[in-house]
Amino acid sequence: MATFDDGDFPAQTHSPSEHEDFGGYDNFSEAQQPPTQHQSGGFSSFNGDPASPNGYGFGASSPNHDFSSPFESSVNDANGNGGGSGGDAIFASDGPILPDPNEMREEGFQRREWRRLNTIHLEEKEKKEKEMRNQIITEAEDFKKAFYEKRDKTIETNKTDNREKEKLYWANQEKFHKEVDKHYWKAIAELIPREVPNIEKKRGKKDPDKKPSVNVIQGPKPGKPTDLGRMRQIFLKLKTNPPPHMMPPPPPAKDAKDGKDAKDGKDAKTGKDGKDAKGGKDAKDLKDGKPADPKVTEEKRPSPAKDASVETAKPDAAASGEGEKPVAVTEAEGTKAE
């Protein structure tokens, strides 16, 4: 059996008269063949002429737009420059898409200059920042050194001042405790001003606008009474329950014995003097001739010692009366004689 590849064609079943124009391949000559038009990237289309055997229709012209391929323009502009695939090769490269590097350098001159200036500016800025950073670090180190030196100096000064204040405080406390049992009011007056700052400090945290109840007034002011509530409170507290350091020290045993003997002698002496004074008063009353008040004598009966003193005073008064009588008589007699 003959095949198409072998070049054997089947016999014609119709007469040559049925096709006047085309009787066979022998009727065509090389001069009568129509010219073929090739266009890069195009697809062949049937326009009444047989398609070109070159490339199975690729590159053939398609004047009839009704049978043209819709992808023809896209194939022609495959590489973006309208060249399409050049020559007989399909999808052939037409060169690099980007332009020549030399042309790029010429086109980017301003940008390259800007980048160069920007790089210089950034380098200068970074250099200034480093210098500023080093300067700040140096100043910080100097400040830290000066701060620590000042702090150490302040600590030493505070230590010295605190030691002196502590010594003064203990000296004042010792002096206060020694003299507090002698002058209570002076001790109270010294305690009140010390407690006022503490009261103000405690109340200042809660309500700073509220004034303390105790106001220290230096000296009397007319029309403004001094608040003595705190003074009375401390006085009553010290009077009812005095602390041990305010109690008077007890006297030694020997001094107490001597004091007791002296007290007994003093009482005896004062009693004797009082009795003598009483006796002298009674004698004076009798001497003047004024009798003693009976009511007083009844209410205050004299003691035996007093009676004895009165009895001894009476003879003296009588004797003095008798001695005065002769003097008066002699004076009267002298006048009569004259």
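Cβ atoms here come from the backbone N, Cα and C positions, even for glycine.
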Stretch carrying coiled coil according to Swiss-Prot (options 80-100, 122-142): 122-142
Do any residues, 6 or more residues outside the compositional bias 'Pro residues' (241-253), come within under 8 Å Cβ-to-Cβ of it, and if so which ones? 177, 180-181, 187, 259
Over the span of the region 'Involved in binding clathrin heavy chain' (102-163), count residues by DSSP class, listing helix, strand and coil in order. 61 helix, 0 strand, 1 coil
